[in-house]
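Shown next, in structure tokens, is the structure this report addresses.
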Amino acid sequence: MNKDKKLGPILLEKIMEKARDYDFLLKNRYLVSGECGIVEIAEIDEKTEKIDLVLVLGGDGTILCATRYFAPKAIPILGINLGQLGYLSELDPQEIDFGLQKIRAGEYLVEDRTMLEARVRRANQEVAVFYGLNDGVLTKGAFARIINFAVFVDEQYITEYAADGVIVATPTGSTAYSLSAGGAILDPEVKAFIITPICPHTLAARSLVVADDKEIRIVVKTALESSMLTVDGQQGFGIKPGDEIIIKKAPYQAKFIKLKNRSFYQLLREKMREANRYHD
């Protein structure tokens, strides 16, 4: 649970009370805002074989953080939205009773979502590795100067960009930063990544969809000291000229509990409508 959400402690108490009615055993842990770490994570690691699923109370950022800990252990996540849009959440707070009843009856599905692996190579040595559900982003940082970089797919040269950066997104991440930068929306069942340049200095640049069994390599030609690789907007690493960023499919997938009989396109309509109301 994200402790920074005011509704969180109240909702948590309700869940704990209801869980006793359904003979569930719940263990309370927090995702800490900022560090996005799990308190007493060693204790969780020792007992992961006994965990059937994880309830995550928070916004999309909290869920993104949770996937990094629980996806490698193949533990499903049920998201309960305490944020604004809640695109990754399955339930709103008022649907807790409905959710627990469905879980108790075994009336749910587990949906797999592709995760990505991003590695940084410097002077032929690997210097960083990150995993994420949404995207890996090369960005220029605070100064208004462009980055020059080349993109390769499975060692096949694609093109060279002069741009503010580039986004490599999973289907899940295609509705996030990549969408704002002009990228297409991918159905989660599509086995692909989308490569979307950020403000490219050309009229011809477009986003590119590639199969997710391909390896994407970004070679940085010129960059500022503030240039960064960020993954899911929560992990970051400084990038220098000559660095290579290698992005491919992670060796595991995130697992999400699905309780409602709604398609991806229905969810997309609902969330985009909510986003429009929020911005209005």
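Glycine residues also receive a Cβ, built from the backbone N, Cα and C atoms like all the rest.
Among the candidates Q234, Q235, Q253, the residue that Swiss-Prot annotates alongside D60, G61, N134, D135, R145, D164, T175, A176, Y177, S178, L179, S180 as binding NAD(+) is Q234. Listed in sequence order, N134, D135, V137, I167, A169, G233 are the same-chain residues at least 6 apart in sequence whose CB falls under 8 Å from the CB of Y177 (NAD(+) binding site).
Under DSSP, L179 (NAD(+) binding site) is assigned to a helix (H, G or I) in the three-state scheme.
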